[in-house]
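Have a look at the structure below, then the notes.
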Amino acid sequence: MSSTQAPVEPPKRRRIGVLTSGGDAPGMNGAVRAVVRMAIYSDCEAYAVFEGYEGLVHGGHMIRQLHWEDVRGWLSKGGTLIGSARSMAFRERAGRLKAAKNMVLRGIDALVVCGGDGSLTGADVFRSEWPGLLEELVKNGELTEEQIEPYKVLNIVGLVGSIDNDMSGTDATIGCYSSLTRICDAVDDVFDTAFSHQRGFVIEVMGRHCGWLALMSAISTGADWLFIPEMPPRDGWEDDMCSIITKNRKERGKRRTIVIVAEGAQDRSLNKISSSTVKDILTQRLGLDTRVTVLGHTQRGGPACAYDRWLSTLQGVEAVRAVLDMKPDSPSPVITIRENKIMRTPLVDAVQETKHVAKLIHDKDFEAAMRLRDAEFKEYHFAYRNTATPDHPKMILPQDKRMRIAIIHVGAPAGGMNQATRAAVGYCLTRGHTPLAIHNGFPGLCRHHDDQPVGSVREVKWLESDAWVNEGGSDIGTNRSLPSEDFETTAMCFEKYKFDALFVVGGFEAFTAVSQLRQARDKYPAFKIPMVVLPATISNNVPGTEYSLGSDTCLNTLIDFCDAIRQSASSSRRRVFVIETQGGKSGYIATTAGLAVGATAVYIPEEGIDIKMLSNDIDFLRENFARDKGANRAGKLILRNECASSTYTTQVIADIFKEEAKGRFESRSAVPGHFQQGGKPSPMDRIRALRMAVKCMLHLENYAGKSRDEIAADPMSAAVIGIKGSQVLFSAMGGEDGLEATETDWARRRPKTEFWLELQNYVNVLSGRASAGKPLWSCYESKHFPSCCRLYNTDLSIDIDPSALTSS
């Protein structure tokens with residue numbers, strides 16, 4: 001089709017355009033890939049608009065059709081491969097007139113725009129003007145009535161791609177967690193030199209007029225002080241900052257000082273607070289050897305983290321579904337996320353609310369600005385302020401409300417355990433509680449509680465826990481042993497050390513431990529105290545939550561491993577790697593990692609493995625490699641959960657593939673093993689650890705002063721904190737409707753309903769495997785869980801033309 005002459009007849013398939021605009025953000029390529037492949041899967045054609053709105057204005061070769069194989073390998077690439085630009089021409093009506101003409105000439109009547117609030121505002125203006133633009137094009141003689149007839153309605157769907165995370169109505173924007181990862185990596189590296197020389201560092205981070213990056217990096221790195229636009233410091237902040245830093249260094253022995261400054265930081269009179277100003281105050285007033293580090297555009301670069309790959313993929317798929325669902329009078333949606341739930345929000349409302357926040361800040365109504373950011377933002381700010389330093393005299397509780405709170409880790413190590421403990425300790429000290437760490441789990445409690453000179457039950461000091469801010473694993477020690485191994489001694493220790501509450505951090509073993517303690521209350525009154533479980537396991541298999549601490553760290557570690565393996569596979573061209581993942585009898589890690597790395601197939605325990613499945617996948621791989629014809633990035637990855645099959649092990653599958661390939665491709669196996677538990681926790685695990693640990697402490701505080709029988713009678717006195725859909729909730733473990741009875745598959749050590757199962761559909765669809773004889777969801781457990789997913793309410797059974805799918 002000519003770029004200057006539109007056909008009279010509309011194209012046989014609907015054409016969906018996709019563009020990236022404004023500042024680039026990691027994850028944009030994942031969104032484009034998902035839009036392109038979901039469009040093709042849905043029997044549509046996908047067109048990329050290169051260089052953002054500038055490409056729409058210029059048309060011609062800047063609007064090109066993308067095929068299935070064109071977006072192969074894009075998930076691991078940073079930035080945006082279709083380019084981005086801040087178009088001045090598109091801001092003018094004359095530019096939008098050219099853009100409308102170019103879209104009609106290409107037969108495109110739907111546009112998915114990935115960008116910030118400015119880009120999405122431009123998209124909505126474009127849609128509102130669309131009928132008038134077409135009329136003007138006909139009036140000017142540039143197009144005919146016959147040409148514009150099929151394109152009277154323009155559908156716009158927004159994806160928020162921005163490292164700033166400044167869009168209202170969503171918890172996260174595409175790219176924000178990758179940017180946060182860059183910041184945390186940089187500050188973690190600064191720790192060493194700051195500690196060595198007892199220096200102070202003032203770190204300036206991006207974010208424009210939004211303080212999300214600054215706040216989350218302050219939480220993730222344990223910064224001593226923070227400046228964000230939404231909550232400027234009160235007058236006299238210079239004295240407050242110097243007082244806190246002096247106490248942290250001289251009274252508590254902290255050797256390093258970190259201050260995080262958002263680039264839009266200001267005081268309550270809207271005067272800018274620069275990083276150099278803060279540095280001068282620390283140097284002149286405290287005599288502190290201070291350095292300024294401006295991270296700049298390194299925060300935008302590099303590959304997307306696991307969360308941004310996952311988010312961009314699911315939102316890209318949802319954007320295509322939204323296009324196909326839209327009616328002529330439907331408002332333009334923007335695809336958002338609340339906790340773990342993908343949602344559609346009216347684009348106009350989200351943009352207006354975002355602009356309203358900026359106006360409130362300008363009008364000095366900072367409390368209202370904080371409320372409008374989102375519920376999470378204000379909670380995180382509260383949690384940060386109450387854990388960064390224990391100096392909050394107004395927060396101290398009266399003596400009769402103070403508690404002795406025991407903290408224990410149970411299960412395998414997971415990223416975020418230390419950060420949850422640090423947050424709990426910080427909050428306890430702020431409120432006047434006594435935090436007591438039980439070292440080395442229940443065996444440590446029973447066997448070594450009275451060891452000399454140091455027992456396993458020890459009060460935690462602020463400086464000790466502050467050092468855990470970026471440490472992986474478990475500094476107080478963890479294991480899988482349960483209290484049922486010695487109830488007598490466990491109860492005796494509870495009495496001896498006068499535990500008023502128990503905070504348990506861990507995986508399915510932690511859940512089981514609290515269940516056992518709850519059920520033993522009648523025999524052992526010492527267990528009639530409030531107990532709460534904060535799920536922390538890479539397997540993400542704890543009932544009562546859709547997210548466990550450590551799972552994000554594991555995913556990031558695993559995708560780094562897979563990216564390196566894919567490079568090897570692609571360099572050898574015709575090679576398949578079968579990679580074994582951990583996760584026990586839950587396929588969460590394998591499935592979400594498969595989605596994040598673009599795996600060809602994922603084998604999980606919920607589905608099992610049989611010879612027919614392997615035969616279909618061998619045929620699929622053989623056809624894929626035959627079509628590649630020397631194409632680049634031709635390596636394939638298959639992920640297999642360690643418990644997917646006792647017969648078809650990782651090595652056996654690799655050997656079967658190699659044998660059946662008959663020389664057409666090679667196969668290798670790779671087992672990352674305990675490497676998947678990760679090193680330093682990811683920023684997401686760090687910040688969620690803080691928020692959820694503080695919530696747990698608030699929950700335990702509700703029982704202060706109550707009798708043992710009152711506590712035991714309350715089902716919520718033994719609870720699990722978790723993310724369910726778009727909410728953070730506490731769920732009771734006992735009772736007829738409790739987690740133990742209704743949501744726990746004890747035999748398989750996982751929840752009865754696993755929210756992520758529908759992700760397997762997306763892995764198959766986006767790899768092309770769904771057209772290769774493999775049913776979208778053939779798991780035997782689907783009989784038991786026909787509607788297991790509140791998050792991805794998706795029907796993917798669309799009639800497609802198999803020839804539209806080429807290689808994965």
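Cβ from N, Cα, C; glycine included.
It should be emphasised that the depicted structure is a prediction, and the values quoted were computed from it without experimental measurement.
Long-range neighbours of ASP164 (active site, proton acceptor) (same chain, six or more residues apart, CB within less than 8 Å of its CB): GLY116, THR173, CYS176, MET206, GLY207, ARG208, CYS210, TRP212, LEU213. Feature annotation from Swiss-Prot assigns active site, proton acceptor to ASP164.
Residues or ranges marked as ATP binding site in Swiss-Prot: GLY23, ARG86, SER87, GLY116, ASP117, GLY118, SER119.
Reduced to three states, the DSSP call for ASP117 (ATP binding site) is helix. As annotated by Swiss-Prot, Mg(2+) binding site applies to ASP117, with the evidence given as sequence analysis.
ARG208 (substrate binding site) falls outside any helix or strand according to DSSP and counts as coil. Per Swiss-Prot, the feature substrate binding site maps to SER162, ILE163, ASP164, ARG199, MET206, GLY207, ARG208, GLU263, ARG291, HIS297, THR298, GLN299, ARG300; the stated evidence is sequence analysis.
The beta-D-fructose 2,6-bisphosphate binding site feature in Swiss-Prot is assigned to ARG480, 537-541, ARG575, 582-584, GLU642, ARG668, 674-677, ARG749; the stated evidence is sequence analysis. Within the same chain, the residues at least 6 positions away from GLN677 (beta-D-fructose 2,6-bisphosphate binding site) whose Cβ sits under 8 Å from its Cβ are ALA412, PRO413, ALA414, GLY415, GLY472, GLY473, ILE538, GLY550, THR553, CYS554, THR557, listed in sequence order. According to its DSSP assignment, GLN677 (beta-D-fructose 2,6-bisphosphate binding site) is helical.
Here the region 'N-terminal catalytic PFK domain 1' (1-389) returns a mean pLDDT of 92 for the predicted model. What Swiss-Prot records for 1-389 is region 'N-terminal catalytic PFK domain 1'.
Positions annotated as region 'Disordered' by Swiss-Prot: 1-21.
Within its own chain, the region 'Interdomain linker' (390-403) is flanked in space by residues 244, 247, 426, 429-434, 462, 500-501, 700-701, 704-705, which lie at least six positions past its ends and keep a Cβ under 8 Å from the stretch. Residues or ranges marked as region 'Interdomain linker' by Swiss-Prot: 390-403.
Positions annotated as region 'C-terminal regulatory PFK domain 2' by Swiss-Prot: 404-808.
Highest local Cβ density among the binding-site residues SER87, SER119, THR298 belongs to SER119, counted as other Cβ atoms within 10 Å over all protein chains shown.
Using CA atoms as reference points, the binding-site residues ASP117, ARG480, GLY584 were checked against ARG300 (substrate binding site), and the closest is ASP117.
In terms of Cα distance, the binding-site residues that sit within 10 Å of SER162 (substrate binding site) are ASP117, chosen from SER87, ASP117, SER539, ARG575, HIS674.
In sequence order, VAL410, GLY411, ALA412, GLY441, GLU509 are the residues near ARG480 (beta-D-fructose 2,6-bisphosphate binding site), counting only same-chain partners six or more apart with C-beta under 8 A. Across the region 'Interdomain linker' (390-403), DSSP assigns 6 helix, 0 strand, 8 coil. The binding-site residues listed here are ARG575, HIS674; among them, ARG575 has the most other Cβ atoms within 10 Å of its own Cβ. Calculated from their C-alpha atoms, the gap between THR298 (substrate binding site) and ARG575 (beta-D-fructose 2,6-bisphosphate binding site) amounts to 34 Å.
The separation of ARG575 (beta-D-fructose 2,6-bisphosphate binding site) from ARG86 (ATP binding site), Cα to Cα, is 41 Å.
Sequence-distant contacts of GLY118 (ATP binding site), defined as residues of its own chain at least six apart whose C-beta falls under 8 angstroms from its C-beta, comprise GLY22, ARG86. A Cβ within 8 Å of the Cβ centre of GLY23, ARG86, SER87, GLY116, ASP117, GLY118, SER119, the residues given for ATP, is found for these other residues of the same chain: SER21, GLY22, GLY115, GLY122.
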